């Protein structure tokens with residue numbers, strides 16, 4: 001029997017999926033289990049399988065099959081799969097292997113040096129490495145842009161959120177900028193009126209872990225197909241059949257580990273509920289980084305920090321850590337809904353978070369499009385941080401443009417996903433509430449089944465079958481806009 | 001610059017090593033961390049990389065490089081590496097992929113059904129599956145035998161202990177048979193005179209784990225390059241740069257987890273001390289399964305259950321579990337040196353263990369060479385068990401020939417490694433004691449440094465550089481024989 005070109009492709013992507021399985025698990029192990037001396041051998045093994053995957057994906061035969069399969073009789077899902085396969089192929093084939101390797105090396109060097117340069121506030125040392133990363137990322141962006149016929153930065157955006165462009169982002173972000181600074185000021189002014197009581201630790205790790213597991217169960221995490229562990233930086237990894245989420249514990253701080261778990265559980269449920277029958281094929285993958293982030297923020301911000309959810313959570317907290325003044329209903333909710341503009345993005349609340357993202361977006365776009373250079377970053381950073389949050393970062397590189405590692409490995413184009421995710425999450429939650437009239441009452445009673453079923457029907461089960469635009473329009477009846485994010489922030493904080 | 005054929009080979013084996021790294025870590029994860037629902041995807045991923053490795057290893061170019069490299073100017077280590085590469089290639093190339101796959105499927109089926117057939121004592125059901133496994137293993141053995149010019153069973157033996165033959169084993173085992181049954185009877189008679197006090201639990205898992213970690217530290221395990229975890233069946237896995245050992249805990253039983261840890265630590269130190277400069281090449285691999293087993297038994301039996309070691313261990317036991325009558329010096333030592341012939345191999349003491357191994361060896365050899373059939377196994381098993389240990393297994397398949405899974409996946413030829421390992425261990429320990437006049441005093445003081453340095457010099461650092469025969473002759477001054485094993489058993493138990 002003849003094998004169709006499409007079938008050849010599905011076999012090839014099935015193989016790639018299986019190799020990725022091993023990379024994912026070994027990557028998870030590296031972050032959670034691996035002793036220090038295992039690092040070099042692990043790095044080599046992961047690089048070797050990356051090279052293998054790149055070779056398999058960019059093989060000439062794949063291009064031929066893709067061309068030929070486009071003429072074959074395919075159903076809707078198969079056509080969507082072919083579209084996603086083509087996207088993967090093109091993204092990989094456009095880059096010469098030498099550039100991939102040079103970028104990976106420059107990224108590792110920059111990230112490794114950053115670990116000591118950040119505490120030393122050593123911008124001079126850091127920027128020397130970053131320049132090399134930017135140079136290579138610009139090369140990458142140019143090649144991708146030439147292949148797609150778009151601007152360099154748009155070509156990178158497309159890696160994380162297909163079809164997103166700077167032009168579209170500018171509209172969305174201009175809208176945000178028109179109302180968010182005012183809203184932030186009002187919230188800060190309002191919250192400054194009240195006195196909050198801080199929870200008093202220590203909160204033993206084992207009990208924090210139990211609380212996290214309880215929250216995961218409540219939120220429908222499937223423990224038969226996943227785990228919770230510890231890593232320095234929380235993440236959601238593993239494979240859809242076996243999702244590994246992590247958090248980190250601070251015995252003096254109760255809520256950061258817990259909301260880390262809630263956030264990662266959102267990512268995890270998306271992965272655990274991707275379409276099983278297509279698993280192994282690109283069409284079954286999560287739609288985009290922004291949609292992924294929308295699920296984690298749906299869980300953490302829309303649901304997790306809602307009054308109703310916090311009220312349900314409180315007895316479990318008191319059960320483990322006893323009664324204390326901070327654990328009154330009112331104080332507990334207010335404590336978890338604090339808005340405090342600060343220098344560090346990962347510590348930011350949902351009202352000030354977009355400022356961090358838009359700041360980076362504007363800088364990285366100009367950087368990749370060649371309008372500014374690495375040396376211009378600190379001044380721009382300070383100017384934007386002053387403008388948005390009224391905070392100075394003059395001379396404070398460590399809490400300014402050196403605060404995290406997103407740029408060190410050339411991940412330009414990713415930042416917008418965070419705020420797109422927040423906007424998607426608000427729009428989705430609004431649509432779910434409209435579709436489910438008893439939703440608020442159900443949440444107050446701890447019954448999230450209808451809400452999760454709605455997510456399954458509208459987001460999870462579709463994988464990458466539709467474009468993001470179509471997915472969101474089907475789920476919410478309209479294109480992405482900031483209205484629901486604004487409504488959400490206004491309702492919760494003003 | 002031209003690349004030599006030998007260099008082409010080292011690159012190929014380096015790649016294979018890196019892929020094996022990922023299989024090993026994913027395999028360890030499967031046994032220790034993976035939730036149940038991850039099983040199918042993991043199995044597929046591991047199978048996919050096995051196929052890939054087989055394809056890379058049996059590529060025509062590898063055969064050409066091997067032939068051509070034999071004419072190149074290679075130093076001693078390179079020549080040994082080429083010899084081991086050739087061995088790997090030949091072992092892989094001789095089997096058609098269809099047979100490898102059929103064997104793997106039949107093995108999985110047999111093992112899977114065994115899990116419920118064993119408790120049900122269902123020999124009829126089990127033997128139907130086993131017949132398929134034996135049929136395929138015979139095919140495999142015939143192909144290997146034709147390629148090597150030896151008997152079918154010898155061809156399988158060679159997979160686990162290169163150059164070992166049934167003829168050599170018969171001599172070694174005939175010798176054992178001439179004195180071991182008598183010695184066993186004498187020990188049993190002697191031990192029946194005394195009354196031992198059993199340790200009284202419960203022994204909390206966390207404290208057992210601490211005791212195991214203490215033993216590992218004492219025994220030189222490098223925690224910067226390895227871990228201790230829990231699995232249903234203890235094993236030593238991971239990679240030389242990151243060795244993962246496991247044990248299992250029973251709160252009512254103190255010593256089985258602990259001596260499991262000591263045993264696996266022997267395997268682990270061998271792996272952790274394989275020659276670093278050659279790592280990634282076949283010459284750096286452990287010499288054989290029997291030599292591997294010799295290291296674990298060196299740690300567990302020669303050292304771990306010696307009076308001197310047990311005396312050093314006892315304070316750490318009392319420290320964690322308190323004083324009790326079983327923890328007198330005399331009782332603790334005697335308890336750990338009990339000899340109790342029984343039906344189950346994995347529970348056997350070192351005096352009765354060889355009976356289990358020789359019994360299986362004789363049956364599996366006849367089975368593979370086509371002298372008996374699967375239906376003959378139970379009667380032969382019973383006859384030999386009666387003869388050696390005076391125990392009946394008539395109708396008791398579950399504690400007889402269905403007691404473990406060695407045969408279900410076609411691992412014929414492995415069993416002799418256990419007793420060869422015990423003999424190697426005794427011979428090595430004797431040689432170390434001869435070379436290190438103060439050894440016993442040093443052990444009594446808890447100073448094992450000279451002993452481990454001796455192992456490093458004589459076994460660990462050589463990897464697969466020499467044949468087993470040469471390795472053992474260099475280390476001990478003579479060929480493998482059972483004299484030192486007999487001396488050891490006599491000295492310890494009579």
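Backbone N, Cα and C atoms are what each Cβ position is placed from, and that goes for glycine too.
Heads up, TrEMBL stuff is auto-annotated, nobody curated it.
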Record-annotated Zn(2+) site (TrEMBL): member among A:206, A:210, A:293 besides A:263, A:267: A:293
Subset of recorded positions A:263, A:264, A:267, A:293 within reach of chain B (CB-CB under 8 A): none
Check: same-chain CB within 8 A of Zn(2+) site center, minus A:263, A:267, A:293: A:236, A:264, A:266, A:292, A:295, A:296, A:297, A:299, A:300, A:421
Cβ atoms near residue A:267 (Zn(2+) binding site) (within 10 Å, other residues, all chains): 23
Surrounding CB atoms that lie within 10 Å of the CB of residue A:293 (Zn(2+) binding site), all protein chains: 24
Other C-beta atoms that fall within 10 angstroms of the C-beta of residue A:263 (Zn(2+) binding site): 23
